[in-house]
Amino acid sequence: MTYQQDNDKLYRYLFQNRAVRGEWVRMNKSFSETLNTHHYPIAVQNLLGEMMVATGLLTATLKFTGHITVQIQGDGPLKLALVNGTDSQQIRALARLQGEISDDMTLHQMIGKGVLVITIAPEEGERYQGVVTLDKPTITECLEEYFERSEQLKTQLIIRTGEFNGEPVAAGMLLQVMPDGSGSPDDFEHLAALTATVKDDEIFGLTAEEMLYRLYHEEQVEIYAPQAVTFHCGCSAERSGAALLLISDAELDEILAEHNGSIDMQCECCGTHYFFNRDAIDKLKMQQ
């Protein structure tokens, strides 16, 4: 059994007789595919990894079909960082910079004055949006406050990013009191203390079963079947073309003339190029 079998997987687990539940996720290929088409500074890569892990853990709490968007907006050199994830663990991320960012910049140095916005969007029903002030040193601490405020449940988040065997990796754990409140108040504190001892080489380089045994070998832990985590952008020629149709014919003709008769629409998330000439644009109009 090798650790790779649990790369890009999310596990849920339950502590028997403790009324506490947990989640563990590790993103390897899904994280590297997010970074492949961009040249983000290390500090931005790490922040996106943290946000991807947080989004994966958040979407795992959904009890309906839908998606969650975790977004940071600020007035610093990092203008925007955005991650979107679905209940089926399809995830995508992007960042927009408006200044120089060094590899050792802190969250607040990158963001300046900013907010963290979490949008929960079920396929059916109303959206819910929560706004979190970025007044703590790390995104993890800000998100813990969000959980306790929005769900009023004690929550612990562990999020780590870095490299393992020369490849980028992001991983994390969530520990949360069950809503029924049937356990002892000390149960969560006991398990949180154990969880906090996890090392990078364990969360990056062990299978979920091995890591959970190391942390909680005296506990009864029920582990559920994993979900695969995948990078999925969702862009298409149709979506890119729809954006062009919002532009007037006169302006389109001008753009086509400036670009030798072909407009290059590049997806900001995955970097895919979609090319449209006048014939392709006319066909899109006929399909409206």
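Cβ atoms here come from the backbone N, Cα and C positions, even for glycine.
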Among C142, C267, find the residue that Swiss-Prot gives as the disulfide bond partner of C270.
C267
What Cα-Cα separation, expressed in whole Å, is found between C267 (disulfide bond) and C235 (disulfide bond)?
7
